[in-house]
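Engineer: Before I ask anything, here is the structure I am working with.
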Amino acid sequence: MLLDFDRLGGLKWVLVGIGILVSAFLLLPILFTVALSFGSSQWLLFPPPGWTLRWYEELWADPRWITSTLTSLQCAVLVTLLATGLGLLASFGLVRGRFAGRETVRALFLMPMIMPVIVVAVALYAFFLRIGLGGTLIGFVLAHTVIALPLAITSISNALERFDKAIEDAAILCGASPWEARLRVTIPAIRDGLFGAAVFSFLTSWDEVVIAIFMASPTLQTLPVHIWGTLRQDLTPVVAAASSLLLLFTLAVMLLAAWFRRRST
Amino acid sequence: MSSISIPNRRNAAARPPPVPSSGVSFVLPALLLILAVFILPVVMLLLRSVTEPDPGLQNYRELFESATVARVFVNTFVVSGLVTAIALLIGFPIAWLLVILPKRWADLLFGIVILSMWTNLLARTYAWMVLLQRTGIINKTLMGLGLIDTPLPLVNNLVGVTIGMTYIMLPFIVLPLVTTMRAIEPDLLRAAALCGAGRWEAFRRVLLPLSLPGIAAGGLLTFVMSLGYFVTPSLLGGAGNMMAAELIAQLVQSLLNWGLGGATAFALLVLTLALYAVQLRLLQRGRSQRGG
């Protein structure tokens, strides 16, 4: 009865009330930011005295927003390719392979996920300065790939474990070479896992702040680094405009993921 | 050794010949990347804590004796504990609702949780900076309602950090809890009712204990993640309540004290790994109990 919504009695309305309040808590900051991005008040008064597109125009006119967005995109796409590719190979090794120390390797791959990001950021900052990768795109891509890899490997490994290897063997019996069988039978069968890995990797890099703050140079910044720098100076509504555009982007990725999931089932 | 292996040899021959190490080459590229761009830099950072400025353990002595470091770690624990407790209190009813609501409403609520989780971290923190500031909508509303006369200090202090981080951590409580609660057999609660248990008793003696693995998993995850959090505390917190991650950043970036910075990083790392080990132990115990 406590797990049957229709038989909760009065408790039902208490729970629904909490649900509405928490939904408001989760949604209001987001909606509020979108509203302020169209508000005419420099001081973020609410409700705004008028409506304007000025902050979006300022955003568009400032080349630093554009270049940092392009850097972020470039970095996230490279991280997606690298993390998904390496993750696919590693998953084959972890799921199918039989070698000593496999569990240790598996644990090692998951380490970057449980390590406090600040420790990774500071360690890579010192390391990349020493080997001359500080403030370079390669530095950003390598660092973000390391923290995207655990999610990519988990997603692909799970898909690979659900896939019956007998189907791949059957393809080989029918005359396919092992690589042909993997490419044309196994990989299409685990495409959900691959897609998940790609989305996770992209978002990991796209949203990453802490490592990027340490890695950035005055000439090479990702979008989060630029937002961070702006926020430390003042709470300009231009950040609200940037946040709203990022929200739109997140919604698009979520809808794409939902559409993909529906199509594949 | 040899006396054991000889009688076994015949059995071994009957099985398909084992391939001693297949699959290593597949793992190798990712493994090299992790070793070179993760393990090596972290080890180098930790080594600096015992080599800079002089070889020895003086950085660790400073770590334990410094009043500043002690205050930062106490504050880190206070914030993480508060955030975990509040997120659990709010997250439990949400997870419960997600399990029992009719599908359409559950999907909507789930969508809201996921949307907030996937919204850019800085965008969410910015929203709270604006909402909580002295002239922000929350202070304006409270003053308009006549509840307060002067704006409450809601940002650059413990209140701001706690609100901002609870907002960010909520999904990490809700998602594991939903998994646990979905696995609870509704018949158990029906049985409790048949045996004469009231709602409160059924909640306290059936639903809550059965949800405990999810509460422990989500709570520990949130606590550990909060311990090392950097972005939200730096933007919503004040100088008076610095957290461990901010201390590390300040030590290496502003003070260039890599020795003490490395030692603080090591302390944070040990705490984090120890708590994850506890979680792993809890998970394994839960699994073996269910199996036996």
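Even glycines carry a Cβ here, placed using N, Cα and C.
From TrEMBL, for reference:
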DOMAIN    A:69-257  domain 'ABC transmembrane type-1'
TRANSMEM  A:12-45  transmembrane segment
TRANSMEM  A:65-95  transmembrane segment
TRANSMEM  A:107-128  transmembrane segment
TRANSMEM  A:134-153  transmembrane segment
TRANSMEM  A:194-215  transmembrane segment
TRANSMEM  A:235-260  transmembrane segment
Engineer: Taking contact to mean three or more C-beta pairs under 8 angstroms, with sequence separation of 6 or more, is the transmembrane segment (A:194-215) in contact with the transmembrane segment (A:107-128)?
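Structural biologist: Answer yes: the transmembrane segment (A:194-215) meets the transmembrane segment (A:107-128) with 3 or more Cβ pairs below 8 Å.
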Engineer: Relative to the transmembrane segment (A:134-153), which of A:12-45, A:65-95, A:107-128, A:235-260 accounts for the most Cβ pairs at distances under 8 Å?
Structural biologist: A:65-95
Engineer: Within the same chain, where does the transmembrane segment (A:107-128) have neighbours whose Cβ lies under 8 angstroms from its own Cβ atoms, ignoring anything closer than 6 residues to its ends? I mean 6 or more beyond.
Structural biologist: 90, 94, 134, 136, 139, 143, 146-147, 149-151, 153-154, 210-211, 213-215
